[in-house]
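Q: Dropping a structure here in structure tokens format, bear with me for questions.
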Amino acid sequence: NFSRVTEFVLLGLSDTRQLQVLFFAAFFLAYAMVLLGNLLIIVTVRTDPKLSSPVYFLLCNLSFIDICCTSVTSPRMLADLLSQRKAIAFQECIAQLFFLHFVGASEMFLLTVMAYDRYTAICKPLHYTVIMSRPACWLLVSACWAGGFLHSVVQALLTAQLPFCGPNEIDNYFCDVPAVIRLACTDIYVTEWLMASNSGLISLACFLVLVASYAFILVTVRGRLTEGHWKALSTCASHVMVVTLFFVPCILIYLRPFSTSPSDKHICVIYTVLSPVMNPLIYTLRNNEVKASMWRLWKRCRV
């Protein structure tokens, strides 16, 4: 593509050494919490037969995606915080961009499927086991991964075909579409609108579907809340918290022209670091069944 740039320099979150050390400690702790918390959820769901319902199958897949999502950016960010020169090769930058959008879009689709699961459980309880059967769950999860792959291929190809002549400094701590294509030495008007319509509209569409599903749930259970409805609504409440943390920053970043917008690296921290940290906390601390299962797992491990 006639690029003369063979590597990019990541400027990171700060160039102050004291802040870099502080960020390293905070993000290392966050990354450890993501790995341990989500691995604990996966092991708990996989080893406890009582957690065999579709909602826990989807939760297990969400935990796996969270591990993948944060592992795309966090190890590189932690290493760069201790390095003097934060350079990343052009090919590695495109690969990081590809995998970030792959798992990020897959998580968006999976969160939408989880909202559909809650809608089915509350609004169509008699047909729930038929609609959300195990084959149907596998099909939905596979569709989420396939949709994420197709989305990321488009983003990576549109970025890789741009010419980069310099400068090569990315005002972020990882390679993402808005920060990278700003450095292209060509007119990116069409490309950025294609990318915004891809990432931005996917984020907005999934978010609107989620909001609509919660609205249907509230209308359905209005005035006839049973114990089962309260339990399902509690799950929905935690789901809303995850959705808000994940979707709102993505909509703010991707649903607008990239070349005219300022750097969003501090907003990126929300969905690359904070959201994966909150998922295991929200889904365990607000779920008595998961907490009870973890306690049984702990007692079995001690024996």
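Any Cβ shown, glycine's included, is placed from N, Cα and C.
Any TrEMBL annotation is an automated prediction that lacks curation.
Pasting the feature list from TrEMBL:
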DOMAIN    37-283  domain 'G-protein coupled receptors family 1 profile'
TRANSMEM  20-43  transmembrane segment
TRANSMEM  55-74  transmembrane segment
TRANSMEM  94-116  transmembrane segment
TRANSMEM  137-158  transmembrane segment
TRANSMEM  201-221  transmembrane segment
TRANSMEM  233-255  transmembrane segment
TRANSMEM  267-285  transmembrane segment
Q: Considering only Cβ pairs under 8 Å, which range in 20-43, 55-74, 94-116, 137-158, 201-221 makes the most contacts with the transmembrane segment (267-285)?
A: 20-43
Q: Looking at the stretches 55-74, 94-116, 137-158, which one shares the most CB pairs under 8 Å with the transmembrane segment (201-221)?
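A: Most Cβ pairs under 8 Å with the transmembrane segment (201-221) come from 94-116.
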Q: Against which stretches of its own chain does the transmembrane segment (137-158) lie, if we need a Cβ under 8 Å and a gap of at least six residues from its ends?
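A: The answer is 54, 57-58, 61, 94, 97-110, 113, 177, 191, 194-195, 198-199, 202.
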